[in-house]
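A quick write-up on the structure given underneath.
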Ligand code: IPD
């Protein structure tokens, strides 16, 4: 039987090395950046250097295996594809907010089988292999036991296009009176890891790239969360990502739909 655990070891080792690089670059006086899809969508020199490092290491350790990365692109193939976000939470990185990650996943036929999310500013490493659970620094993870929607903490995010942001803002305003509180932390991979760790009860967002959710989605699912990835929940919209502790998943899903989440 296919054992994905060796792929976690590779993702972990490369994630740490890329994380050290982005930390060194963050320590320099000027963080240079460009914009991408909109003026709010940024890419730094460190995003590019980190992806370059990850690609080089993967080509050495896993020659011939394709890579999809946020900055250089690529395609997902049948068989194994590596999916890389060289810095998830680039805006936080730019501002010196220590909530960003290097996210590396291995997908088999488009589904994640191994993943590592490394938080360079703290040195914390979340990992998962499909069927083997998820871990933070080697300690097994479990989602929150919350059963009351009104006492739940919901993580969320925004897409980059302004008109979509406005509709999303309306949804989050509607949710604000249905849950304990909301958190827009700014790195989807870490939001998903937060659900895995019980640090959030749920997380929802539209328009993520595969690199944003490939590792974190597996880590949340392996920790016991109910996870819906883009393409799997038409009621919440074609490109919705959703993760929730099982005790509030149905109620959260219903509340999001009522607040127009599926129409953003
Ligand atoms: C972004 C972050 C953010 C989410 C955006 C993503 P990036 O990733 O994960 O939290 O709201 O949708 O694009 O651009 O920093 O890699």
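These residue numbers are counts, starting from 1, taken along the chain as shown.
Every residue gets a Cβ built from N, Cα and C, even glycine.
For 70, 85, 87, 88, 212, the entry in TrEMBL reads Mg(2+) binding site.
Counted within 10 Å of its Cβ, the other Cβ atoms near residue 85 (Mg(2+) binding site) come to 34, all protein chains included.
Other than 70, 85, 87, 88, 212, the residues of this chain whose Cβ falls within 8 Å of the Cβ centroid of the Mg(2+) site are, in sequence order, 47, 84, 86, 89, 90, 101, 102, 103, 187, 188, 189, 209, 211.
Most Cβ neighbours within 10 Å, among the binding-site residues 70, 88, 212: 88 holds that distinction in the structure as shown. The Cβ of residue 87 (Mg(2+) binding site) lies under 8 Å from the Cβ of 22, 44, 46, 47, 50, 93, 100, 101, 102, each of these being in the same chain and 6 or more residues away along the sequence.
According to its DSSP assignment, residue 212 (Mg(2+) binding site) is helical.
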